[in-house]
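Novice: Dumping what Swiss-Prot says about this protein:
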DOMAIN    262-303  domain 'LRRCT'
DOMAIN    334-424  domain 'Ubiquitin-like'
MOD_RES   S18  phosphoserine
MOD_RES   S41  phosphoserine
REPEAT    73-98  repeat 'LRR 1'
REPEAT    99-123  repeat 'LRR 2'
REPEAT    124-147  repeat 'LRR 3'
REPEAT    150-172  repeat 'LRR 4'
REPEAT    173-197  repeat 'LRR 5'
REPEAT    199-224  repeat 'LRR 6'
REPEAT    226-250  repeat 'LRR 7'
Amino acid sequence: MDQPSGRSFMQVLCEKYSPENFPYRRGPGMGVHVPATPQGSPMKDRLNLPSVLVLNSCGITCAGDEKEIAAFCAHVSELDLSDNKLEDWHEVSKIVSNVPQLEFLNLSSNPLNLSVLERTCAGSFSGVRKLVLNNSKASWETVHMILQELPDLEELFLCLNDYETVSCPSICCHSLKLLHITDNNLQDWTEIRKLGVMFPSLDTLVLANNHLNAIEEPDDSLARLFPNLRSISLHKSGLQSWEDIDKLNSFPKLEEVRLLGIPLLQPYTTEERRKLVIARLPSVSKLNGSVVTDGEREDSERFFIRYYVDVPQEEVPFRYHELITKYGKLEPLAEVDLRPQSSAKVEVHFNDQVEEMSIRLDQTVAELKKQLKTLVQLPTSNMLLYYFDHEAPFGPEEMKYSSRALHSFGIRDGDKIYVESKTK
């Protein structure tokens with residue numbers, strides 16, 4: 001069979017990790033010995049190959065000499081071949097079959113939809129535990145073939161593949177724990193439920209940017225579909241109903257949820273969104289990446305009760321009654337005006353005179369002196385001011401900085417200001 005034109009995996013490997021481009025690391029086992037090669041071979045006698053090889057965006061179209069791959073890559077455990085020009089699964093198989101320790105393989109953004117994956121080729125992937133096929137447009141038939149030949153696969157990435165439906169294989173994959181299938185076109189729950197059938201041991205499901213419009217499944221059926229699901233991301237889905245959020249309680253092991261950017265929550269403030277979701281999901285310990293503390297949960301549940309306290313009984317969610325049983329009926333919080341005071345009524349003391357007056361707190365000490373000039377008959381340059389807080393245990397505080405704003409003293413109604421002359 002003729003080797004495809006273009007750059008080979010082996011050629012790129014030698015170029016990138018040659019001693020000239022990748023300084024030799026001294027120490028036992030750091031270098032890889034390569035047997036003598038034909039004259040004119042681009043390989044050096046020793047290369048410094050790490051166990052993680054990153055060969056993305058290198059224009060790779062084919063494998064190259066398999067014996068050389070085996071000699072160089074016996075210890076390699078992670079391989080990134082994303083954004084190359086690999087379109088033949090047979091060439092990918094030549095590479096992978098000669099990397100016996102391989103556990104992580106990234107084939108994203110290679111046009112692998114242009115060829116059919118045969119079972120003999122798929123078998124070379126058998127040791128891989130983490131497989132990335134983002135933007136490869138891999139068909140479900142290809143995915144099924146891979147799943148059958150990867151008994152230890154734990155993580156699978158199928159993002160940006162334009163899936164509108166999900167096809168179930170005849171045999172489910174019990175080993176898979178994490179599935180990223182973001183940025184596809186999976187809008188119907190009937191397609192999402194197939195993932196539960198296909199991957200019964202699934203721990204983490206990332207469905208972001210799929211515009212899922214609803215979770216249409218009886219509660220008991222949801223528990224059977226995803227019995228081990230601990231984390232789900234519905235970021236930028238199309239959910240529009242609180243009933244869909246309540247459905248998440250049917251996943252028996254669910255602890256972590258991501259729900260940013262969904263139509264349902266758009267009308268609410270940031271505080272309302274988080275508190276209302278936390279209150280509806282009693283088992284969730286992490287929301288949108290942030291831990292839900294015991295204190296935050298109690299605050300959210302109390303907020304939830306007050307939020308629905310005036311809603312007609314027929315419209316109150318079931319969770320409201322559960323929380324009433326827990327906390328009892330709560331009165332609405334009193335509205336407290338926390339805006340800073342703009343003025344204060346104070347007593348101005350000068351010699352034996354006491355004058356009650358209102359002063360603006362947004363003015364400075366210098367401006368207050370001008371206001372007092374007529375009252376105390378002193379030039380501002382000869383005026384000393386002292387502020388006395390009637391509730392403070394300390395004595396008067398000199399107001400000696402002319403540019404200091406009065407509100408910074410914490411002046412309140414009933415406080416006193418003493419005026420003295422510098423020259424008595």
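Note that Cβ sites are derived from N, Cα and C of the backbone, with glycine treated the same way.
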Novice: Are there residues at least six beyond either end of the domain 'LRRCT' (262-303) with Cβ under 8 Å to its Cβ atoms? List them, or say none.
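Specialist: Beyond its ends, the domain 'LRRCT' (262-303) has Cβ neighbours at 234-242, 244-246, 248-249, 254-256, 317, 319, 323, 326-327, 330.
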Novice: If you count every Cβ pair below 8 Å, which range out of 73-98, 99-123, 124-147 shares the most with the repeat 'LRR 5' (173-197)?
Specialist: 124-147
Novice: Three states by DSSP: which one describes S18 (phosphoserine)?
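Specialist: In the DSSP reduction, S18 (phosphoserine) maps to coil.
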Novice: When a 10 Å sphere is centred on the Cβ of S18 (phosphoserine), how many other Cβ atoms does it contain?
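Specialist: 15, counting other Cβ atoms within 10 Å of S18 (phosphoserine).
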Novice: Which residues of the same chain, at least 6 past either end of the repeat 'LRR 2' (99-123), have a Cβ under 8 Å from a Cβ in it?
Specialist: 51, 56, 69, 73-90, 92-93, 129-139, 142, 145-146, 148-149, 157
Novice: Summarise the repeat 'LRR 7' (226-250) as counts of helix, strand and coil residues per DSSP.
Specialist: 9 helix, 3 strand, 13 coil
